[in-house]
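Notes to accompany the following structure.
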Amino acid sequence: MKSLILTTLALLPLVSCKPWVQLSHQTPISADRNLIPGAAEKSQLDKIIADSELLSLHRSLTEIESISSREGDVGDFLVDYLQKHGFTVEKQHVSSDGNEADKMKPSSFNVYAYPRSSPAPEIILTSHIDTVPPFIPYSLSLPKSSSTGSIDRRAIHISGRGTVDDKGSVACQIIAILSHLKSHPDARLGLLFVVGEETGGQGMHHFSRSPLNTSPPTFHTVIFGEPTENKLVSGHKGMLQFTVSVHGKPAHSGYPWLGRSAVSEILPILSKIDQLGDIPESEGGLPSSEKYGKTTLNIGFMEGGVATNVVPARAFARVAVRLAGGTVEQAKERITAAVRSASREYRADVRLWFFSGGGYPPIDLDTDVEGFDILAVNYGTDVPNLMIHDHDQPEDKKVKRYLYGPGSIFSAHGENEGLSVGDMEDAVEGYGRLIRAAVERGQRK
């Protein structure tokens, strides 16, 4: 991201990351907790996957590498698959930084699809098709019944990059829509699979600015797919990112008093920043809420100096803030005030940049469909990146937004990323329930 706002200040402090508390605890399943299948068992597993439209689709998606900015192959696969199943498919080419004025990269494009008889979907299911690096191949492991040694089908564990985040949701959404269309062929349903979610949401931003996102919207419901343990999400924390840099004076490390260490000066500034989630709002801290808990900060990157025998002339750090309440502007004001305070105390030469894009406050979501467990999450999604033009609509006409999907965020992005067959099959049923509820609500309008 590029920085838009530059504030020159003086600063100093250090940080501690707070754990996510809203999600239920789930330990990722590692290889040593599952059995590596032998040749005969592998044949059985392959047959189970091949005999299921859902599981074979999921395998095909996962076997295609689609790290952010390299989503072209998986996009082409989806275009072909959806066209064969009777969908009209539109491709939206997206540049690497989301700027349409730049040369488009044909390897990155959104996939927008709808039944040929329904060009204006009223219900959209959306997920992202990019993954974080590195690519991890698709694999199956084999939990067994201790008594009989037979395969527990629902417990078969599927591993690989993107199995959870987010190709599990992609596959389940497609199968859920196909299932609904079999019995309701005139249902106005659509699929939107976007690129670049893991690197800033360029794909969803592009769709938001495109003619496909009408004002007022043709759709009354959007169902976002992310790993939520098959629970319906009531909302997620907001997000704000910034960079802090300190300029010192270089000198020989044998005579440090002749220079000024930028590293020594940035540490107390970062420490001050890191405490903002624990300081009461009345004393200048960042907000907390009953729903989302505390605002948390993470110093995710820090760099400074050139050699151990040189007093460092420059140091900088990048910080991510997960907002539990308030507005982005309020958070910026609190952070800026904390930096100013530390800068005056330590007389450091400091600069503060808030990342472009502006950040976003906590995002509340709809949970009015019965039969789901509910939770709030700390991670970010594409939900705030979709600009919905319903601000002038009465409350009962505003677009519903749901967040749901298979797998756990605790295994997403990790070396043991994976989920079970049961997780996938339950998610198809859950998406089906959300679709049916949305259709019924649309008929009542």
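Count begins at 1; order follows the chain as displayed.
Glycine is treated like the rest: Cβ placed from N, Cα and C.
Lifted from Swiss-Prot, the feature list:
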SIGNAL    1-17  signal peptide
BINDING   D165  Zn(2+) 2 binding site
BINDING   D165, E198  Zn(2+) 1 binding site
ACT_SITE  E197  active site, proton acceptor
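Counting in whole angstrom, E198 (Zn(2+) 1 binding site) lies 10 from the residue listed as 'Zn(2+) 2 binding site' by their C-alpha atoms.
Under DSSP, E197 (active site, proton acceptor) is assigned to a helix (H, G or I) in the three-state scheme.
Of the listed recorded positions, namely E197, E198, the sparsest Cβ surroundings within 10 Å are found at E198. Cβ neighbour count for D165 (Zn(2+) 2 binding site) (all protein chains, 10 Å cutoff from its Cβ): 29. Distance between Cα atoms for the residue listed as 'Zn(2+) 2 binding site' and E197 (active site, proton acceptor): 11 Å, as a whole number.
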